[in-house]
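Structure, as structure tokens:
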Amino acid sequence: MKYIVVTGGVMSGLGKGITAASIGRLFVDMGYRVIPIKIDPYINIDAGTMNPFQHGEVYVLKDGTEVDLDLGHYERFIGEEVTGDHNITTGKIYKRVIEKERKGDYLGQTVQIIPHVTDEIKSWIRRVAKESNAEICLVEIGGTVGDIEGMPFLEAIRQMHNEEKEEDFALVHVTLVPLDAGGEQKTKPTQHSVKELRELGLHPDVIVGRCSERLKPATKKKIALFCDVPEEAVISNEDAEDIYEVPLIFKREKLDEYLMRKLNLRAKESRKEWEEMVKRMKTLYEEASIAIVGKYVDVRDAYLSIKEALKHGGIEAGCKVNIVWVDSEDLENVDDFTLDVDGILVPGGFGARGAEGKIRAIEYARENGVPFLGICFGFQLAVIEFARNVVGFSEANSTELDENTPHPVIDLLPEQKGIDEMGGTMRLGDIEVTIKPGTIAHKLYGSEKVVERHRHRYEVNPEYIEKIESKGLVFSAYSDGGRRMEIAELPDHPFFFATQFHPEFKSRPYRPSPPFVGFVRAALKYRREEEI
């Protein structure tokens, strides 16, 4: 097993996740199976209860584990579907150590950070790597070198480095190379970051410099001199127009060749699908504007997978997607409004704040023939809007938003009743969905059975299905033997489509999600017709 560990210095938010995912992509293109592990030093067990304003999107894995958004980058770049074991948190490690202590596994020892916590970290990494049957294990340590939360993990990595063969271990350190007022690239932050890393017993094999422009030869030479690495191990990672260009930047920098020599590997093949995908993406000449109507629009990472899935759909449809961010609360405070866009998307979410604004956006899309895609909460709100304005249940609602609504067209899942804990208790992960033949959904997917990821507590109330369908809204897919509605569509609308599941979590740049492809194609058609 070869281990590539990615750490970060100077500041958070430099793009360690994209760096790690891009390195993984390089090895995938050379014919290797790569498996990622993301270490998050926070004490939370998982990301499921975290506020999107603080943490961005909660990404859902196939086994239902709620994780950091970087796991989404890994799945999209590397092409592997992973499980909750591929996300290590301080909470998980401490929980495991405490459980062992309670069972007496430590035989009366004083349980300490070293060796018990560090041994648990190493054991977890090696177990996941072995069970994956991969050839390369990519480990990203979240946070910044020097953070107190990350110290046990860095110590565990130091020990692993000493325990593994030199040719089986590579450490990549991502740092910031800022520009001063005169435009000079400054290396001092990188020097200090590497110094701090070395004080912990770790020496980087590769230094990736994040900068607004390509690192100059003189900058690379200076970093190499003061940080004690070869010049060829100083890699430029300048700002790119799109994150999918980063693997190509690394290939230009010959990072793949350097790591192959360090790990004593040879390329098995030379795949071009990623490079070809980026070329297609950069040559799209038609455009369509799509509004994302949500309440977390000030934190764009809260809808990261949706942004990426729209991009994937655009590549397939031959169309560049321009996103227009609309705060749903703003739509609640106006008598009338116009959304000058080619498509409207209402994403997942929770709670009453902004919900009525989303319902108004859905009504606008339905009445004006604007292509619409609803996801999870957006699916539920689409059902509510239809029940109110077409079926005639003017006070229809979800019991999440109004416990006393006379028409609870959306209600709590039966198995959710009586659950008090929030973390990891929703209907989560991959679930098989059955699609009815002859529907828009069947045309998009081309199959009667699909597997999609879920994250919800509420569902369409079965008592209202027949009444709603009698007025024209078709529930075209279901799960759990027909008990749960999964897709709603309007056959006579240019494109009105909503899913209870989250199709964005399984969308890939070279294998886009069918609902997003259909949605973007409909938006492009709408734009063409508007221009005539």
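Positions of Cβ are set from backbone N, Cα and C atoms, glycine also.
Source: prediction; values computed, not measured.
Annotation source Swiss-Prot lists active site, nucleophile at Cys376, citing sequence analysis. If you look up Swiss-Prot, you'll see His502, Glu504 marked as active site. Look at Swiss-Prot and you will find Ser12, Lys186, Thr187, Lys188, Pro189, Thr190, Gln191, Lys222 tagged as UTP binding site. Marked as CTP binding site by Swiss-Prot: Ser12, Asp147, Ile148, Glu149, Lys186, Thr187, Lys188, Pro189, Thr190, Gln191, Lys222. What Swiss-Prot records for Gly13, Leu14, Gly15, Lys16, Gly17, Ile18, Asp70 is ATP binding site, and it gives sequence analysis as the kind of evidence. Look at Swiss-Prot and you will find Asp70, Glu140 tagged as Mg(2+) binding site, backed by sequence analysis. According to Swiss-Prot, the feature L-glutamine binding site maps to Gly349, Phe377, Gly378, Phe379, Gln380, Glu400, Arg457. Summarising the annotation, Swiss-Prot assigns domain 'Glutamine amidotransferase type-1' to 289-529 and lists sequence analysis as the type of evidence. Per Swiss-Prot, the feature region 'Amidoligase domain' maps to 1-265; the stated evidence is sequence analysis.
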Segment-level pLDDT (mean, integer) for the domain 'Glutamine amidotransferase type-1' (289-529): 94
Assigned element (helix, strand, coil) containing Glu140 (Mg(2+) binding site), judged by DSSP: strand
Lowest local Cβ density (other Cβ within 10 Å) among binding-site residues: Thr187, Gln191: Gln191
Neighbourhood of Lys222 (UTP binding site) by C-beta distance under 8 A, where only residues 6 or more apart in the same chain count: Thr187
Fewest other Cβ within 10 angstroms of its own Cβ, chosen from the binding-site residues Gly13, Gly15, Pro189, Gly349: Gly13
For the L-glutamine site built from Gly349, Phe377, Gly378, Phe379, Gln380, Glu400, Arg457, further residues of that chain with CB within 8 A of the site's CB center: Gly348, Phe350, Cys376, Leu381, Ser398, Ile410, His456, Tyr458
Cβ atoms near Glu504 (active site) (within 10 Å, other residues, all chains): 31
Sparsest Cβ surroundings (other CB atoms within 10 Å) among the binding-site residues Asp70, Glu140, Glu400: Glu400
Check: same-chain CB within 8 A of ATP site center, minus Gly13, Leu14, Gly15, Lys16, Gly17, Ile18, Asp70: Gly8, Thr19, Ala20, Val174
Maximum Cα-Cα separation (Å), residues Gly349, Phe377, Gly378, Phe379, Gln380, Glu400, Arg457 listed as binding L-glutamine: 14
His502 (active site) and Ile18 (ATP binding site), distance between Cα atoms, whole Å: 22
Binding-site residues compared (Leu14, Ile18, Ile148) - the one with the fewest other Cβ atoms within 10 Å: Ile148
The one of Ser12, Thr190, Gln380 whose CB sees the fewest other CB atoms within 10 Å, among these binding-site residues: Ser12
Least buried by Cβ count (within 10 Å) of the binding-site residues Lys16, Lys186, Lys188, Arg457: Lys188
